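**Q** As listed in Swiss-Prot for this protein:
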ACT_SITE  His125  active site, proton acceptor
BINDING   His286  heme b binding site
SIGNAL    1-45  signal peptide
SITE      Arg121  site 'Transition state stabilizer'
Amino acid sequence: MKGTPFRSPHLYQEGSSCMHRTIRSVAAVLTVVLSATIPMVPAWSDGEPRSIQFWWPDHLDLSPLRQHAAESDPLGANFNYIKAFQTLDLGAVKKDIAVLLKTPQDWWPADYGNYGPFFIRMAWHGAGTYRTYDGRGGASGAQQRFEPLNSWPDNANLDKARRLLWPIKKKYGEKLSWGDLMVLTGNVALETMGFKTYGFAGGRTDDWEPDLIYWGSGAKFMSNNRDKNGKLEKPLAATQMGLIYVNPEGPNGVPDPVAAARDIREAFGGMAMDDEETVALIAGGHTFGKAHGAASPSKCVGPAPAAAGIEEQGLGWKNKCGTGKGPDAITSGLEGAWSADPVNFTSQYLDNLFGFDWVLTKSPGGAVQWKPKDASADQLVPDAFDASKRHPPMMFTTDIALKTDPSYRKIALSFQKDPEKFKAAFARAWFKLVHRDMGPRSRYFGPEVPKEDLLWQDPLPAITYKAVDEADITDLKQKILASGLTVPELVRTAWGSAASFRGTDKRGGANGARIRLAPEKDWPVNDPQELKKVLDKLESIQTAFNDGNHDGKKISLADLIVLGGNVGVEEAAKKAGYPVTVPFAPGRVDAVQAQTDVKSFAVLEPTADGFRNYYASSNQLSPAEMLVTRASMLNLTVPEMTVLVGGMRVLDANEGHSQLGVLTDHPGVLSNDFFVNLLDMSTKWSKAADTAGVYEGHDRKTDALRWKGSTVDLIFGSNSELRAVAEVYASDDAKEKFVRDFVAAWNKVMTLDRFDLQRQ
């Protein structure tokens, strides 16, 4: 579950106050002429079902928890992509790609006889949707194949790039995912044009349905993604709807390099790129290829793939002007190349940027761009198809921004002065771009994986000791029980450690024990004062064990935190009359502060965690909506979310010891009391008079106050789908089932980042 859901051609607006699901036909939504902004308006066909949110927009949407079901995968539940990929002869694949790059096809000719620049753009735009605020987007899943990305204005004509690659995909089949193939092709393109890449890691599994991610509140492509204060709306990274980063003509099409620099810094920063990485990527990427604007997009270009006729077979942007391809190709409407050698890696982009004075002009397609003031540059660039023609180089407004912004200018000049520095910076920035969404290095596979640990990969130390055995685990459990730590303290700490995980980009989780490091140790949701108390006691247990004579066996604090949570759950289950053993697999390690980028980890901080009844007032979405968002990040299903909330409440595991939703007379006992008491019709619920978001449950006969609950608590009785699941767990015969299901869901969360176990 990588993103917000997409089921059928319906748009799910996560960012609206009620996460409205708006029903629209794909044809109406995605009929877009490249440079035009077509309103996205509702359109219905007879017989099309309306969603619940169509009739009741405030109704909680649970579809994020039903996304990417196993039933959608044609390869089957038993298929292991990693094992299949590891049987691949990567060298042979790269040779096949290299041949394809220089084998032009009549149906879509190659500029300068080389598809390399085209495929770099494909790989870049596939990976460039990643955004650090929520970890969504990126190359994994190959979402560029699906709506809406396959029909975004910024992805115009990349449908042809993927079709050109089909013979390679067809040849290697299930051994090579589209996600890996597109990134690998970008690497091979760079390498065949004289650039040494930093490396390549495989392991991206493909999705089989679109992610329906919140891309902005605008109802038109190219609409502004900024809020009323001019700030880029979080969690977005692109400045305008339908773009990967920024408008190359300038903000909202205005050719202002200074304003463009601000947009670039904000957009690239939202994808975890600093100024040096940003300049390296722009300068490196624009070393190659050309822009395409032979004529006006609005006059010549047809609908995007999602709105094209069925006979087009998934292709879009059909160009009716001239031959519609090659020298007549239209993509962005901008036209021209940045350098005189667009199919080889050089420093010409930087030389031209600083070597000429640039003036505004317009492309044949009517787009605003820049050309050298000096007429001597008019014959500098060869034509992509006709050797007898020459052209001046061109620049986008966003290129000129690198010259005008003081920080970007300083970096760009240093790259121009030192080409080796430029190469190294571009190699590392490109590697980060196309691997940023893959998570830690333990998820990297293949012979070209770099050996170096990079800070943005959230590195972990290697295990240098023997793992504890069952006897050791039993002994450690007894020591935890004797420590004086309570069930709620143990459960809260383990949950805080493990539930930092994001299924979107595979960051966070219990491995590394980063809950003891900045910034996690200071997050309000983790109750810093209590957390320190718990960690101090667990560390003393760890030290005593590791200093003892255990034949080289040691326990990490990361493992001990999870084991402590398990002990708490087991004790609570035993008190309920259902003794269980929570699964535990040692193997976690402890990161150090030097391996933990505070700024990078700050975006993982939960502003709401319904499982601990925590909600910060700064949130734009409701507590119930934020619960679903958090559950989707944890890859949970509706039943798993339900049983975990009910269990966490009776375990008294709320943040700050809040008693909201602790609907039991026996806190610390793993009973189904939360559901029994929530659904008890002898209790009447009403809004609390003094506190927004708090509800009071009074006895219907005596009016005595029984309970207090939050929106998150009451949603399990209010929402019809959640109530149906809650009724299962509230039933008299469900007490043991509740315990078993809670333990299974708990163990799932505790092991979300144990990629080693998942591969087994």
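Glycine residues also receive a Cβ, built from the backbone N, Cα and C atoms like all the rest.
If you look at the structure here, what lies around each of the features I listed?
**A** Here His125 (active site, proton acceptor) comes close to Gln144, Asp154, Asn155, Leu158, Ile244: these same-chain residues lie at least six apart in sequence, with C-beta atoms under 8 angstroms from its C-beta. Under DSSP, His125 (active site, proton acceptor) is assigned to a helix (H, G or I) in the three-state scheme.
Around His286 (heme b binding site), the same-chain residues six or more apart in sequence whose CB sits under 8 Å from its CB are Trp338, Tyr349, Asp399, listed in sequence order.
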**Q** Does anything in the same chain, at least 6 positions from Arg121 (site 'Transition state stabilizer'), have a Cβ under 8 Å from its Cβ, and if so what?
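**A** Sequence-distant Cβ neighbours: Leu158, Ala161, Gly285, Gly289.
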